[in-house]
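So the structure is just underneath, and the comments pick up after that.
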Amino acid sequence: MSVSILYKENDSIAPAAAPERKVLGFLEKLYLGWKEWTAKKPVTAALISIAIIACIVIVAVVPSVCIVRGCGAGNGDEDVPPDVGNDGSPLRLLVHFDDIKKTVKSKVPPFLYEYFEELVLSYGVNVVSFKNYTVLYRVQQILENQKDVLILLRDRPVYQVPSADYFLQSAVQQQVVDTVLGRRRQAASTNEPGDELSPEQWALDKVAARDAWNVSLGDGVVVAVIDTGCDLDHPDLKDNLWSNPREVPGNKVDDDKNGYVDDVVGYDFAGACAETYGPGCGRRPDATDLIGHGSHCSGIIGAVRNNRVGIAGIAPNVRVMCLKVTPNDRKFYLSNILVAIDYAIKEGAHIISCSFGPEENNHNPQNAAQRDALRNETNLYKKAMDSLKNKSMLLVAAAGNEAINLDDVEFYNPCTLVRDYPDNLMCVMATDTQDKRLVVRVATRLEGSNYGPRTVSVAAPGNEILSTVINHTWANSSGSSMATPMVAGVAALVMSIMGAGDGNFYK
């Protein structure tokens with residue numbers, strides 16, 4: 001029940017009717033009597049007032065607490081949709097306010113704080129991780145009614161390793177391992193420097209890398225690889241991995257106050273759990289690759305040269321920043337990607353390499369709800385790209401391997417963002433040994449690199465590319481995922497000449 005008082009233009013109150021005057025008279029006598037009594041017995045009056053306030057608080061707060069913790073026989077979830085928590089989506093919300101200073105915590109009751117963690121990114125996106133679905137649903141309800149919330153998106157696994165990347169086939173890997181062992185014995189006997197598998201790196205000649213090394217080796221440039229992590233102890237990678245000079249390893253302290261404890265050699269923004277936030281889950285400092293895709297991409301960019309082991313990267317003196325964004329299930333979550341981009345910006349990366357692409361329903365929406373979600377996703381990406389543009393950074397993205405024309409696709413993030421950010425994003429198509437668009441047979445069907453003259457910026461070798469993989473070995477892999485780090489490595493060579501020392505510099 002609500003009571004409204006109507007005012008005229010001069011703010012004078014209209015005269016009350018006779019029955020209303022009686023009620024007002026009674027209330028006035030009651031108020032005056034209460035005032036006189038409290039003056040005589042202030043302590044008793046204060047205790048009564050406190051009791052009344054406590055009752056009001058109990059009535060207002062207890063139902064909300066029961067929603068979270070459960071009270072009596074009910075579980076508090078009666079009005080939560082049954083599909084919440086059963087769709088495989090992680091317990092995260094992505095929020096963008098009309099003011100970068102606003103937070104989700106400022107919008108919800110304080111007693112809910114212990115049930116979620118809020119990470120505010122530098123470009124105005126808030127990543128909120130929850131301990132249970134009920135609290136997520138309640139907070140989402142609150143935010144949906146806030147006029148200053150411009151974007152509200154439930155996180156979901158919207159990206160994947162491009163479907164036609166064939167990597168770590170056992171026969172190919174064993175052949176490469178045997179070759180490595182043979183060359184290692186030969187190198188040991190001759191005691192000559194070099195890289196044992198360099199003759200198998202046909203792509204180095206295609207991009208004229210050996211000629212470029214007479215001018216630049218990529219010194220001073222940091223390339224962030226947002227992927228499945230890195231084989232941190234790989235003999236062809238470990239000496240070229242970026243390390244945080246302001247962090248003391250293993251002391252469980254955030255020495256540089258950047259929000260990440262012990263982030264010495266990259267970071268794992270996904271953690272061990274895809275869906276939940278709580279004990280044993282969440283972000284952690286160990287960016288170890290358990291899949292192989294990120295290690296392969298990292299080696300293409302910056303494998304150590306002339307160490308008599310394995311291969312040489314395109315930019316062999318570069319520093320590779322390993323940023324892991326998948327919980328070992330090959331699913332890439334938008335929230336983790338956005339957090340990793342924010343980290344790369346803050347920690348001084350010059351180039352970001354992204355060898356992943358959207359799942360089919362995330363570039364080909366089937367209904368209005370999917371289209372709205374993709375539009376919100378794109379707008380969140382644009383917030384990150386605006387920040388990259390302000391820092392003069394470059395993002396290199398894979399065109400994907402569905403053999404489709406990206407010019408006909410509205411959403412294929414991050415590649416399709418090149419239409420709005422042509423100076424700070426490159427979309428890369430894969431080619432074969434004959435400099436033609438890569439097309440390969442998978443089982444009984446043909447698949448190939450995506451293309452599109454308005455969307456694709458450049459093409460690079462992506463067929464049977466030899467690089468580093470997990471378990472300290474090497475293997476061939478094909479796809480636009482391999483072409484992307486090729487371009488990132490070449491960009492690092494160019495940037496090194498231009499002078500990357502002044503931080504995040506690229507033009």
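Heads up, the Cβ atoms here are built off N, Cα and C, so glycines get one too.
Automatic, uncurated: that is what TrEMBL annotation is.
Taken from TrEMBL, the feature transmembrane segment applies to 43-62.
According to TrEMBL, the feature domain 'Peptidase S8/S53' maps to 218-496.
Annotation source TrEMBL lists active site, charge relay system at ASP227 (among others). ASP227 (active site, charge relay system) falls within a strand when secondary structure is assigned with DSSP. Annotation for ASP227 (active site, charge relay system): same-chain Cβ neighbours under 8 Å, separated by at least 6 residues, are ASP289, HIS293, GLY294, CYS297, SER298, LEU323, LYS324, VAL325, THR326, SER353, CYS354, SER355, PHE356.
What TrEMBL records for HIS293 (among others) is active site, charge relay system. Just so you know, the Cβ of HIS293 (active site, charge relay system) picks up 27 other Cβ atoms within 10 Å once every protein chain is counted.
Under the heading active site, charge relay system, TrEMBL lists SER481 (among others). In this structure, SER481 (active site, charge relay system) is part of a helix by DSSP. Every protein chain considered, the tally of other Cβ atoms within 10 Å of the Cβ of SER481 (active site, charge relay system) stands at 32.
For the domain 'Peptidase S8/S53' (218-496), the model's average pLDDT works out to 92.
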